[in-house]
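Presented below is the structure to which this report refers.
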Amino acid sequence: MKAAIIYTSVTGNTTFIAETIQENMEKRNVATDLIPVDEFHPERLHEYDIIAVGMYTWANGEIPIEMEEVYDAFETEDLKHTVTGVFGSGDSFFAHYCGAVDLFRDMLYVHTNLAVTLKIELMPQEPDLVKCEKFCDRLLQETLVIQ
Amino acid sequence: MSTINQPLTKIKLLNPTYPNKSTGIINGESSGLLNWNDIAYPQMYDLYQTLLANFWKAQEINMQDDIKQWDSLTDVEKDIFLRVNTQLASLDSLQTPTMSHVMDYVTDSSFKAIFAVISQQEAVHNESYSYVLSSLIPLREQNERFNQAKEDPIVKKRNEIILESYEAFRQDPTPQRLFELGINSINLEGIYFYAGFAFFYNLARQQKMLKTSTMISYIQRDEMQHAYFIAQFVRILLTENPELNTEENIQYIYKAIDHAVQLEKEWSNFILKDIEGINLEEFHGYVEYLANKRFRQLGLENYYPNREENPMPWIHVFSDEMMNETKSDFFEQKSRTYTKVSSSNGFDEL
């Protein structure tokens, strides 16, 4: 089984979550590639059983522009059976807290086997680390269901 | 003398032999020319654009509804309304010149540009308070209210700490003082505004003075991004200048923000005590929750235990739908092609 985490980060909050998820996946014996969005290749999506996508959200809850290619790839490649999860950081004072996660979620639900979403406010704290563990458990659980 | 206590020199406007991409946010080599495509921290371009996308001006908001409603407010509501308005105006008055002052000592042109935008936005905030006042009360009363704000002992005590730090930097602009100015600026924009915001949003919850609250919501949106930028600025400042990144300075952050929290609680005890719909204890919890967020923005840990949950989620920026704005960017249009799904569709939301 092979997993990938595709992410973008500005302040490092999302990077921290991405790295935490990678560690947790490796701990569960799943080889996991950590892919910053500028190293992303659409054709390689098929190599993975599990893909987690992560991004930050600013202000009005839009998807960061650099994630456009990833978004398009999920729409056009056939990934119906890939188990996916989407995570992100944001600030709940804005009207659309982690809005980018929601937008990605709605699309992934249609085009992939979406298992789990995760929102974290700014720099992850202790309770958030527990959520990162659950995030990985949920991804693996879904993979086992398929097999 | 350590470099962190040596005065920063004002950089020349143009330094043709230096690169356009600055070698540091302070004491860096920079030509003075700005090409946004060649900057040291590319994410600053996103932030600059986000700030510009906020653009608004007071006159866009028609005050007629609020003018009609004004007389139906209770005397206590009117009094607090005016106190809060002039107190917030006083804070913004400090912020406009301070942000442009900092520009002189920052060597990275992209940061200079962002400080310029922030300064401009603070000027708009300042004006918007005047605009609200001019709609509601005559000049004589406005002047009385500003005098009241200048003399109020609690307001004075709060402002003094900020002023001291800002003045210290004016007198002797060292890296250490710039760092301290940044933290005080986060207190001003990220803590001190919130008892006031709570007051206005609480009125809005009762469908009162909605135009004023719309303006407050615009201001909060700007201020949140300012506090966010300053936090990034401080983090970069500490990273680029390890001699500033000391245990002592980390303790300074915890102490200064905690002090601001205590002062905001004190101010709220005074200003919100007779306001129906606001529980003071809950508001104190809110301020601690808010401060925890500031610590996290600075890459530090929560300082107040058990304050992960927001006890007053209604204090937040109005959504665009609420403000009747129409915004159509690529993704928002695109997202509408998918139905909104939730955990009832068979996945987990953590």
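A Cβ is built for glycine as well, from the same backbone N, Cα and C atoms used for every other residue.
The feature Fe cation 1 binding site is assigned by TrEMBL to B:D92, B:E122, B:H125. Mapped onto three states, the DSSP output places B:D92 (Fe cation 1 binding site) in helix. Note: B:D92 (Fe cation 1 binding site) has non-local neighbours B:E122, B:H125, B:N126, B:Y129, i.e. same-chain residues 6+ apart with C-beta under 8 A of its own C-beta.
Just so you know, the Cβ of B:E189 (Fe cation 2 binding site) picks up 25 other Cβ atoms within 10 Å once every protein chain is counted. What TrEMBL records for B:E122, B:E189, B:E223, B:H226 is Fe cation 2 binding site.
Of all the Cβ atoms in the protein chains shown, 25 others lie within 10 Å of the Cβ of B:Y129 (active site). The annotation active site is assigned in TrEMBL to B:Y129.
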Environment of B:D92, B:E122, B:H125, the listed Fe cation 1 site - residues of the same chain whose CB lies within 8 A of the CB centroid: B:A89, B:L91, B:S93, B:Q95, B:T96, B:Q121, B:A123, B:V124, B:N126, B:I219
